[in-house]
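Taken from TrEMBL, the feature compositional bias 'Pro residues' applies to 493-507. Sequence annotations record features per position, and here TrEMBL assigns domain 'Cation/H+ exchanger transmembrane' to 51-454. What TrEMBL records for 463-514 is region 'Disordered'. Annotated transmembrane segment per TrEMBL: 36-58, 70-87, 99-118, 130-152, 164-186, 198-219, 239-260, 324-346, 358-384, in sequence order.
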Amino acid sequence: MVSGAAASTSFDVVAELKAVVPDETEDPAPEEEERVSAQALLILVSLLIAALLTSYYLQRWRIRSVHETVLSIFAGMGVGLVLRFSTGSYIKRMVTFDHTIFFNMLLPPIILNCGYNLQKTSVARNIPSVLTFAFVGTVVSAVVIGVLVQIYSFTGIESIGFSLLDSLILGTILSATDPVTILAVFEQLRVDPKLFSIIFGETVFNDAVAIVLFATLSALRSAGEDFSLAAVPHMMASFMFVFSASLLVGVATGVFMSLLCKHLRLYEYPSIEASLALLLPYQAYLFSNAIDLSGIVSLLFCAATMRQYAYKSLSVKSKRTTRYLFHLLSGLAENFVFIYLGISLFTSEDVLFRPVFIVYVMISTCISRYSAIFPLSHVLNAIFKYRHPSAPSSAQPVTHEEQTMLFWAGLRGAVAVALASEVSGQNGPLLRTTVLCVVVLSVAIFGGTTPQVVHLLGIRTGVPQPDSSDEEAQALTRDTPAKSAGRSWPVKQRPPSPPYKSAPSPPVSQQSVS
């Protein structure tokens, strides 16, 4: 019922635009450009407001059979279908997914919030599993998809011709998983912290690894070369250099912010302090992208370093502001991205559908996810079983239920679409359309059924999650003592009253008599 109201609101907006936007294929005149762009933003903002209201009712009524991201992407598809047949081409281009907008405006808040909350989870306790799935699993997934796509290309079905390098690029794009829907569902269900931390760390690092791998393969393609085994050592060296340099940029920026908070009296100006905590990670992200490094790696480690060191020196107001501001921006960006993807499915100009190929790639994506989770889990469990007695006891084996949930959590998202939008050439339209369809299918199938799978597998839910609100309360009582009348007790704590120090409070009638 809520999704129907959201769709009707969006259709009303589109109907009004149909009367005022001319059905032209040319760009509007300069004096009309501002009006048309405002109308395009009106559509997106209206859908975003409808998505937030939908999320409110789903959470208030405790409806967990469907997630708001699934409704957002379908609402965007409905509006995109109406726009395709009702308005001019310019407004359709305005609401179509743009990778520059995604990478420069929508992705940074999501990664910043993930890195800033990295300390809240127990990622460090499961770091062997996280790194294995993120690095080795991503490479295995990319290779499996690339090989399967190359086999399909050899068959000649639907006259699709992919080189080995193009197949591997497609595999690398589809190896980037999306943490938004799964983590949102896990936070609502309050699943086992161990499983939450593994999926959280794997998805965050997975995006960084996939982007660096894509940049490495794209550089090889731009040089006019094809993939060969002789190029593997060079690709590995390039990958390690980009990843390591990006990590150093992020850590250095985080340390710089920590030193500023420690040696300057920024706590006296909370607005400046919180603004620097927001802008410095964004500067690291832009700097890395400007010099052909990985901005997502720099931003992730910058945010994690700031949370580990700079957060302790922030004032209480800045701690509260940064936590909720980053969470707010991330939530808005996540909802906006799914609406963006839904609209783009029908408003893209170079759409090239190959239904059989799309289904084949979807099945290949599932096979690659299976190959990256279950075999690696067996290897990890064997290592944990025969680990040295001095090894940390937190290296716990990954159970079969957790492996199945890891497989189910491998849905694809906006990072894959953004990477696909950078691919050019003869196979560019087919690749972009295929990736977009696979993303929509994975979000609808895997994201929409995650709560049911959690309950079918018997995974623990309702487990108390670590929260930093207690930390803020402790900081508030520790850092801001009351100084009036020479008293030393903290604010919000009153001194005990002598008449009732050891006796319970008398009834109201006795209090009034006294």
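In case you wondered, yes, glycine gets a Cβ from its N, Cα and C as well.
Taking pairs at least six residues apart, the transmembrane segment (99-118) and the transmembrane segment (358-384) share fewer than three Cβ pairs below 8 Å and do not count as touching. Using a Cβ-Cβ cut-off under 8 Å and counting only residues 6 or more beyond its ends in the same chain, the transmembrane segment (198-219) has close neighbours at 111, 114-115, 118, 121, 123, 126-127, 129-131, 133-135, 137-139, 142, 165, 168-169, 172-173, 175-179, 182-183, 186, 227, 235, 238-239, 242-243, 246, 292, 294, 296-297, 300, 398, 402, 405-406, 409, 415, 419, 422-423. Within the chain carrying the transmembrane segment (358-384), a Cβ under 8 angstroms from the stretch's Cβ atoms is held by residues 128-129, 132-133, 136-138, 140-142, 144-145, 148-149, 152, 170-171, 174-175, 395-398, 403, 406-407, 410, 412, 433-434, 437-438, 441-442, all 6 or more beyond its ends. Within its own chain, the transmembrane segment (164-186) has Cβ neighbours under 8 Å at 64, 67, 69-70, 110, 114, 138, 141-147, 149-150, 153, 195-196, 199-200, 202-204, 206-207, 210-211, 213-214, 217-218, 220-221, 225-227, 334, 337-338, 361, 365, 368, 409-416, 419-420, 423, 425, 427, 431, 434-435, 438-439, 443, 447, 450-451, 454, counting only residues six or more beyond its boundaries.
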